[in-house]
Structures are given as C-alpha cells and as structure tokens.
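Step one of this worksheet: look at the structure below.
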Amino acid sequence: MSKYSLLFNQGTKDGTNASSGSEANSANITSSSAPASSTNTSSPTSSESAVVSPPASTSPRRRLIHRRHGSAGAAEVAPLSLPKRPQQPNEEKHENFISDSVHHCSNRGASGSELKALTTSGSETVMSASPDIAFEAPSPPTASASPPLESTSAVESDGDVVIDDMMRYQEGDSGGSRSATSAAAAGRAVSTNDAAALINGDPGPLSSAVSSSSSGSPHTPPRLFTCDMCLQYVSTSYEALEQHALDQHGDALADYTRLRSVAEKLVPVWDEVLKRKASVVQQWGKRIFAVAVQRDAGAEKMAEAHRARAQLELVVQRWHPRAKVFIFGSSVAFGVWDGISDIDFTVVDVDELEAGTWPPSEKNAVRSITELLRRAGFSFINLEPISHARVPIIKHHASLPIRLTDEQRHRLYEEARQSAAAVDLVAAESLASSSPSSAQETTDEKGLTQLEAELIIARSVRYSLNLPAGPPDSAILEASIRLAVGSAAVQQVWWNRTRDMCCMTFDTTTNAVKASTCPLHFMSAGMRARVQPLHEECRPELYGMDFDLSFRAFGIRNSHLLRRYLLSHPCARPGALVLKDWSKTSGVNNSVNGYLTSYAINIMWIYYLVHRGVIRYVCPARDIPASLRCNVDADPQYAAMVDPTWTPEERAAMEAQAGELLLGFFYYYAFEFDWVNHVVSLNRPGITTKASLGWDVEDVAQTGSPAPHFGVAGSQHQYNLAGAEGQQGDLHSGTSLSAPQTRPLTGYDGMMASSASAAARRSRATTRYSFCIEDPYEENLNLGRHMGVTKTLRVQTELYRGLLSLLKDDPQHCCVFAGSTNSSGSTDSNGAMASGAAEPAMVAARTPSEPTELPVRVLYKLMAISTRELAIARRRYSATVTAGTEFPGALLSDLEAAFLAQAPTEWKLARQVWNKHQLLHRLGLKLHAREYVLPRREVGVRRLAAKAPPGVVPASAPEPTFTAEEVAAAAAESGQAPFSAEHAPTSSEEVTQMNRAFLGAFPARRLPEDLMLAMTKGYSCLTPSWVAWSKPWAALSAWWTDRLHSPSTTTQGEDPLASGTCEQGGVSPSLPTGAPHHISAVPEKSAGAMHQTRTQLRRHVVAEIASTPAARRVLRLLFR
C-alpha cells in the first residue's frame, strides 16, 4: 500500500469491509447516473438508491470536507470536527450532494461530460467514506507529453460542498496539461474515460499510483501538493499552493511578485533587448573569462592535489589494503584547482565494486578512517566524521591562515632584510643573495610565501614517546620507520636529550605521511608514541586543505561526465564557475537548508547548453565507462582555462558568446523551461516529463506521521516546523529567511504540531517534485527533492534578479558577480588582465590586492623578539635581585613596545587575526598576574645547567654576548689572539675555535641565558637551521642530544649506531677532556642503513651493547 493510501485510509481496521462498501457504492452509482446524463434531470429519490450504508460490524469514523457558501474559486478545504460515529444523516448528505449537483448542472445547461464528472466526484466521495478520515481530493492538472490544453469552466454550486479542481490524466495527445507561461489561463479538464472507469466499478481512486478498471481503462490518482514551510498544509492544485505560499510566507518571498512583473515585460521584446545590449554582453564575457583566469592556479596546484590524494591513500590502505582513493567533483570537472576550495575524495576497491560488494559498512568505515587520521596527527577539532547522513562522509576543515596582500608581503621582505642587516652586515649580504625571503627573488621561484626551511619542516614528523627510549628502543623505532618508507627516504633523525622525542625528516611529504601511519615497534613493554607533524602550519599537503571523503563510486562517473561536457567548449567552464559563485552568494546553492548543490547547478548549465546546441549530447551510460579499472585516472589531468594560442579576435568572439550564454541561462530557466511538467535531465536527449518518470505525484507524508489537514477558508492553520525543511538562514549570502508569522498553538493543535515536528526531524523521506533535476546515474533521484513551493519560488526570484541585474547594473554592483568580486579583488585589474592577449604565464597571475597566505616566518619574527625580551628581562632581574627568588616574567607592556619597535608590520597583521591572549598562546607564552609574560613550558632551561656538559654552545651562535673583559681574559688564558667583535663565524671550525677561546672559564649559570640570546639571533636572521621547531625552547632542546660520549669510551672503529656518535655532531677525539664541545646547528643524520629484520637488528644491538657489564644486566632484563 502506498503512502497515499495510508494518508486517506488512516485509522481503517477492516480493509475487506471498506473495499466491499466501495464496490457496492460504485455498482449503485452506475445504475443511477446513466438516466441523469441522458435526461439532464435528477431527483433525490433516484439518487438515494445509489447510496449503500457501510457495514454495521465495524463502523469507522468519517470526516466530511465542507466549504463555506460563496467561496467559489478557492482551491483548498479544511478539516472540521471529527464525528464519533457515521450516522445515516451523513449518508444523506452524500446523496443530496450528488443529486443537487446534477440538478444544478441541468438547470444551467451543463454538458454530459460535466454530469459525468459530477457523478464521478460523487462516487469518489462515497467510496472514500468508509475509511477513518474521508477526503474529497479531486485531481489537479497532471503532466503530459503533449502541449495542447483542453479546459472547461469550473463547476459552481450553491450547496455546502464544492469541488473546484477535478482534472484527470488522459492518455494521448489530447490529455490536459498546462505550460508555465499559461498557468493563469488553464481551466479544469474532465476525463470521460476515467469517469466511465469509475462508473464501471474501478477501485478506490487513491489505492495505487496506477490502476485499471475491469474494462482496462487507465487511471491516475489525484495529485497532492504540500507546503515546505508548514508541512500540515495540503492542496490539490499547484496554483493554490503557490498562492498560499505568497499569502502566508510572503516575508520570505518579498521580491518575487515585484521582480516577476518587471521581468515578464522582457519576454515579448527579448530579441530586441539582446541587440541593444550587445556591448553589455561583451562586457560580461570579459568578466567571465577574468574570473576563469583568476581561478586557474596552474599545474603546480593541481600537483599538490595529486600529492594529497596519494597521502590520503596511504592512510586509507591501513584500513583496507586494496582500496584506492579517487578525486572527483569540481577539480575533475573543471580540470583546475584554485588551491582554496575543498577537494572531494572517494574510497573504492575496484575488485569489490565490480563484484557488487562495495561499499562496505560506511558508518564503520567513517569511524575507522577517522581514528587513523587522528593517529596520523589530524586535529580532533578540524576532523568531522558524519556517519548518519544519507551519504556518510568525513569532512576536514583546515585551519584558516592569515591573509596577506602582495604589498604587505614585500614590505615584510624589506623589513626582514633591514633587521637582518642591523644585526649582522655579513649575514644580511648572504641573506639578500641566497635567502628566498629577500626582495631579490630568483625568477624560477614559484612559491613566494615558502622558505626553504618551511619545506624542510613540512617533510618532518615528530614522535613523542610516553617513556624515555633506551638504545634498543630508539634503534628499533628508527628501523621500523626505515623499513616502512625505505632507508633512502630518511634524510635526518633528531633525538632530544631526554630521549622521549624523535624527529625525522624525509625526502618527500608523501613519505612523511607514510611514516606517520606506519606501525611502530619497541623493545620495552608499554612504550607508545604519539605521531604528529613537526609544525602546526608547515605540514604535508593533505593537512592544509579542506576535503570530503566518501565511499561511493557515483561521484567519479558523474565528475567525468561533467568533464566531458565542460571541456567540449571554451565557454562552458568559465560560465559554470560564474554560476557556481552566483548560486552560493544568492543562497540557491545551500544544500544544508534544503536547496540545490553545485552539482545540480552544473547539470542545469549543461542541460541549457545542450538544449541550445552549443555542446553535443553525451550519453551517460554509453559514453562514460562504468569500470574504474583501466578507464579512470585517480589523478585528474590539468587543463588550462584559457587557450594561450587565441588571437585577440578569437578571444573577443569567445567573450561575446560567453556573455550571451550567461544571459540566456537566466532567461531560459525563468521563462522558457516548463518547471511544472518537465525535468532537467541528461539521461536522454530531448525533453523529459515528470509523468514519464512517475514524478507527477509527490510523497507528502511519512509513515507514522499525523495526517495533513486541509485549510479552512478564513482560518488556515499554520504549523511552523523546524524540521528538515525548516529555514535556518542562508550561510553563504549572510541573510536569513524570516520565519512565518504563526500564532501559538495550544491543546490539540499544539499536540499535532509537536508530533509532526518530531516526525519531520526523525525522517527526511518526504520527496517533492516542484523543482526536478534528475541525477544521471542514481535511479529515481531528484536533486531538488527537498525544494517545495517556497524554495522553488525563492530560486525563481533569484533567477529574475540575476537576469535584471545583468541588464541594468554595472560590474561593481551586479549580483551575479558578487561572489567573484569578493574573491578576485579589484575589478579593473581583472578586466585589464582579461582584455589583453592570453599568455601562458597569465593563468597563474595574481592581482596585487589578492590575499595570500601569511608566511610562517611572521610568527617566527615575533617569537624571536619575545624570546629575546624574556632573556633580557631574566638577566636584569637576576642582576638586581638576590638568588633564590623566582623570575616573575617580562612585562606585557615592554613586550608590546618591543613588537611595535622591531616588527610593527608583523604585530599589526597578527593582531588582526588573534586577540592578545590568542597571540601569546601561538607564540608559546602565557600571561601571569595580568601583566607578566612567561613561557608556557620552559623546556631545557632549568635542567640545562644541571645536565648539559659545561662549555657547550650551539655552533650557530654568530656572536656570543660577552663583555670585552671576558673576551680578553679568555684569550689570555688560552694563549690565542682574540677575535674581532664585528667578525661572525662562518664555518664550524671557526665556531669550534671560538668555543675553545671563550668558554674555558665561563660560569655555567650564565649558559642558558646566553644560549637563548644566541638562538634568537638565528631566528631574526630567518636561517633554515633556526626554524626547525615552532617554539624556541623546543628548538634549544633539539640540539642537546645525549649521543655525546667521553673520548675514552668512543673509538674510531665503533659503529655510530651503537655508540650514538655522529661524524658531524659528535665529539672530536683530539680535544682535551675539559675542552668545550661543539654541537652542529644542522640536525645530524642518522648513520647506517637499516635493512635488517627485527631479529637481525636485535642481534646487532646485542653484539654492540654487550661490551660493558652494565649492558649485560640490561640484556638479562630484556631477554629473561
């Protein structure tokens, strides 16, 4: 039984009695209606015999639909009170209705078809009287494949009951239908065949979608329409429903009537308008191609998307080893990626897909892959698993970077160069000649916002251990990573001094993600590692982009179908980009609130181009292969938006055609397309009707939900349900739809409203066919299934608005290009860029005012200044205060003054994005007592003096901060000539000599402060060796490794892996025991390739560490 039968037969407990009563009624009506049609007279006596009383065993309740006197022309009726038990007077009302109606028609000379219609409507009323709630629901105009229209005058009656919408679907070219442009003139048509079928004993009119009588005549049930803002309102004609939406929900459709009346004046003179607006059309064509050029970020950005897909596939294969990740969506359909919009990924196992067993349990897959991504370092906040949607997906929202213009970026370059020159002239010269942060950038450099150090950091992974790792654990950990990614892929390995954190740098970001997801092994029981990228902003490509991950293959084939269409004409992709921006800014593209998606907008655009003959039709089933094994590439190929070989004449012709097509799109869907009877479909060439798809009757109620009520004229009940179809505001355009004005519901009405609201929230099974767009591959799927009358009228309003705006507004105020203007910046620069001849380099061109990502070195600069100020404040405090008191911190006012004095641009930009507390948190600081600033965690400052060997400083300190007396005293003790204060070391040998000369008699308590000062100098110069960590104290601890051993325990023949020494960063055996040691500023490489298995590696470790008695005790504990 369909939903429509449940709707009208709710409460029926004995279906046999109901059907028998219906058949008896139909039989008696057959005998009584024939004389009435032949003699044009009727009497109550003759019609009384046609009524059969319902069975006395089970008497269901009845509801009669009454209308007020004099309410001719109204299309909707409302419920009255429910009688306790159907009695004989109610049956007499049905008898009188038939006789009085026929008598009224005979008095005014009605035709036989009208009498048959009345007799048929009377039979419908009697047959539907047996269920619990009986409705008089005549059919509205239904879809037909033929354009002719047959209409008759509406039946008027003085009785209590009037049915003003009685139309039946008629097979063939003579069936009743109406077009979108002649809806007001469409009358009511009556099908003689359907009436005869009902007279001959056809079953109840609402029992099924398609039924036949005993004689084989076709029959279609009446079409019902519901409002999408008040789900309890039901109408039998779309005109009445549209008028209801305009009357009751006019606040949400304030501009519909005004814009439609103005736009309709263009219909008779449309060809003349196009001729007069030829210059305007050319102007919009230039603007369209300017938007297309701005969205094309080049082949390099598409390569980033390819690397992100490969990285995600490595994570997914930890869940399903044979699964592959494909890119679909706009990046495939358009062939470009702008680097900002989100990317759609889908996971498919090709073998299982061809076997028919894919996808697996999508909810479990969402949970499993989400857990794997979080283990790989993805944030819990940015990763959003959506497992209870119609299509379960995983959404990733990347953290928004700071936006910076080209002018501000070059200003930062200049200030960074000047500040580096103020610190050290030699360093400034090397920075200007070799550093990518200088203003004199090389011509082959593509990324202006990335330093060499940032690229190194993006390939680095941090492993934080819960316990300190001994030599066996560290060796096993490094070996497990090398076995997963390959020994040649590992470039550097760093361990901190406490052996609880390891950082590894790889050759590519893809290998870094692979190392983040590989299984880790340890020797000690209970040891675990938390894996995450080294830096919060410099990470592999997958971490820094928005993406959606699904598990269905429909999107792959859909995207390649759109790609085939859009790449077939040069104007197709630019126009689709403009319409996508318009749909988002106008609110038409808002699937969260039940509107359309970008996919639906693209289908509308392609359907229009095919209908106009601009592009050829492509069969979705025949021309696009279904198999993904050899026909689809996981990485979409890049295709430039603008052909660089165009001549100025060819470009002008394309611009004129693009402007005309964009203007015609709005006119076509505003006036030419028949939304009442036709469907936007690419499944077949030509026109597709709603009747051919079975979409001419909509699902109006869910199973178990209350029966919808008809409205009483003058007091219509409005139930504002905040369910799936509720209006919750427009997220894209920034405006919200006002809720309909409703009165508070109490008693029975309030109970019905709350229960209906709960049912609407529980189920989204309501499918509407007011706005029909057929999906090319998913069967019986309407992409506009959530759009009712109110949302349809809103979309039509935006079509009218866009059409009028293109004809009368200037480029700065046109609503169609509102989204493109906000994203592309200056209109003049875009127009100038689009007007010239196309060049290959213009595809990736950017306007000066276009925002780009803020370089990470801006935070490094503020971090360096804050660290220096903290060190200076600590030194001042220790010089004035006695020992034993705790350092309170640096004054916040002093820190802000230092920011304004040394980095005003960075400070201003950072404060535009974060407040004071957020910025301090990003810098690794905390506010103490509302006026002092301290590090959140001082790693390596208090423990450094106790555990670090005395006299060891990092090699990157360009100029140790010692007084002249200290320098002279150290030089005199060592017997060497003192170095000049202006001379900075340029090699490791010079730093080693400086360490020997200066640090012989230097007190150990001054070591941490001087190390911090020396480290911040490296940060200010922005050298790659100093930006390996996001926090200065973490960077300090990175080079204090415990791999140093005394010369007595280290020999030249020992394996570096076993002893922990390194040729670059180890201790030179030639140095005396008390001489200061040198640690290289460049993180040391892990020596030795590890291709052995775990058993071989264990034997190797055993052989190396068994040389001392202490190591033997460790081995007995490990292998007991």
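Every residue gets a Cβ built from N, Cα and C, even glycine.
Annotated region 'Disordered' per Swiss-Prot: 1-156 (among others), in sequence order.
According to Swiss-Prot, the compositional bias 'Polar residues' annotation covers 7-16 (among others).
Under the heading compositional bias 'Polar residues', Swiss-Prot lists 118-128 (among others).
Residues or ranges marked as region 'Disordered' in Swiss-Prot: 196-221 (among others).
Look at Swiss-Prot and you will find 222-253 tagged as zinc finger.
The Zn(2+) binding site annotation in Swiss-Prot covers C227, C230, H244, H249.
According to Swiss-Prot, the UTP binding site annotation covers S330, S341, D342, I343, D344, G555, I556, R557, N558, S559, K580, K584, S598, Y599. In the three-state DSSP assignment, the secondary structure recorded for D344 (UTP binding site) is strand.
Residues or ranges marked as Mg(2+) binding site in Swiss-Prot: D342, D344, D548.
What Swiss-Prot records for R390 is RNA binding site. The local packing around R390 (RNA binding site), expressed as other Cβ atoms within 10 Å of its Cβ over all shown chains, amounts to 6.
Other Cβ atoms within 10 Å of the Cβ of D548 (Mg(2+) binding site), summed over all protein chains shown, number 19. Among the features that Swiss-Prot reports, site 'Important for catalytic activity' is placed at D548, with the record citing similarity to another entry.
The domain 'PAP-associated' annotation in Swiss-Prot covers 659-697.
Swiss-Prot lists 800-900 with the feature region 'Involved in oligomerization', giving experimental evidence as the kind of evidence.
The annotation region 'Disordered' is assigned in Swiss-Prot to 1047-1076 (among others).
Secondary structure at C230 (Zn(2+) binding site), as computed by DSSP, is coil. Summarised by DSSP class, the composition of the domain 'PAP-associated' (659-697) is 18 helix, 5 strand, 16 coil. Taken through DSSP, the zinc finger (222-253) splits into 15 helix, 5 strand, 12 coil.
In this structure, the C-alpha atom of D548 (Mg(2+) binding site) lies 5 angstrom from that of D344 (UTP binding site). Secondary structure at D548 (Mg(2+) binding site), as computed by DSSP, is strand.
The closest partner of D344 (UTP binding site) among the binding-site residues, by CA position, is C227; the full candidate set was C227, H244, H249. Taking the Cα atom of each, C230 (Zn(2+) binding site) and R390 (RNA binding site) are about 24 angstrom apart.
When the alpha carbons of S598 (UTP binding site) and H249 (Zn(2+) binding site) are compared, the span between them is 26 angstrom. Cα spacing between K580 (UTP binding site) and H244 (Zn(2+) binding site): 31 Å, rounded to the nearest whole number.
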